[in-house]
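Enquirer: Handing you this structure, nothing more for now.
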Ligand code: KIV
């Protein structure tokens with residue numbers, strides 16, 4: 001059954017955990033969808049994972065549309081959420097609605113995600129008023145990495161923790177249907193989850209959240225540039241791929257690939273008539 005923002009809300013009300021994984025292409029989206037994961041996030045982490053950037057700052061609306069529409073084609077049941085990249089919504093409410101609208105129209109996703117709390121509530125409200133569901137993102141918001149001065153756990157002082165709770169309430173009030181909490185102490189994330197009626201989706205925020213999200217390339221050990229503490233490697237696909245590539249290289253070089261069964265046939269008479 002197709003997951004929607006309503007499914008998210010019902011799952012929170014019933015106390016059922018929501019699963020979300022990132023994907024950036026059709027084939028991975030199909031696998032994630034077939035596995036029964038509730039939602040696929042086309043995160044701007046594609047800047048790191050797919051494009052090899054150091055951070056997400058350089059990712060464009062065009063990048064998100066390109067990957068978002070491939071994922072949407074592969075997701076039958078999962079709710080597809082596409083990230084709004086840096087400076088596609090911070091600049092003005094008008095830009096936010098135009099870019100969210102482009103992402104929705106050109107990818108056929110089910111929702112967009114943007115980073116920030118009270119400061120982006122006018123944008124959230126306007127996008128939601130345009131009938132586009134919005135997922136918010138609080139805590140460590142990677143688009144603000146230069147302002148944070150690095151990847152750091154957020155909300156550790158009384159002021160910062162209170163601001164996180166206030167921001168979560170503000171994005172709910174503005175109409176967000178869910179909120180991602182990234183790199184937040186587990187006890188604080190649980191408090192936030194109890195303080196709002198929309199689902200919280202944690203990443204590095206403990207199991208008191210209403211759901212969890214991971215970058216698929218992290219949980220499969222395919223991305224090795226850095227690995228945050230909160231990642232569990234569910235399979236070492238990176239090593240399986242590396243070994244398979246090495247086996248291919250060796251088989252090509254020793255002539256054992258392609259073998260008979262990988263080869264197309266032609267009648268000998270045809271060959272004999274050639275000069
Ligand atoms: O871009 C992304 O993948 C994200 C997740 C880390 C939540 O925003």
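Backbone N, Cα and C atoms are what each Cβ position is placed from, and that goes for glycine too.
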Enquirer: Among 115, 159, 172, 173, indicate the single residue that TrEMBL lists for the Mg(2+) site containing 44, 83.
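Expert: Given 44, 83 bind Mg(2+) in TrEMBL, the matching entry from 115, 159, 172, 173 is 115.
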Enquirer: At the level of the C-alpha atoms, what whole-angstrom distance separates residue 83 (Mg(2+) binding site) and residue 113 (3-methyl-2-oxobutanoate binding site)?
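Expert: If we compare the Cα positions of residue 83 (Mg(2+) binding site) and residue 113 (3-methyl-2-oxobutanoate binding site), the gap is 5 Å.
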Enquirer: Cα-Cα separation of residue 115 (Mg(2+) binding site) and residue 182 (active site, proton acceptor), in Å?
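Expert: Rounded to the nearest whole number, the Cα-Cα distance is 11 Å.
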Enquirer: Among the recorded positions 83, 115, 182, point out the residue whose Cβ has the most other Cβ atoms within 10 Å, with all shown protein chains included in the count.
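Expert: It comes out as 83.
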Enquirer: Residues near the 3-methyl-2-oxobutanoate site, 44, 45, 83, 113 excluded, by Cβ within 8 Å of the Cβ center?
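Expert: Those within range, site residues removed, are 22, 41, 42, 43, 46, 56, 59, 64, 82, 84, 85, 137.
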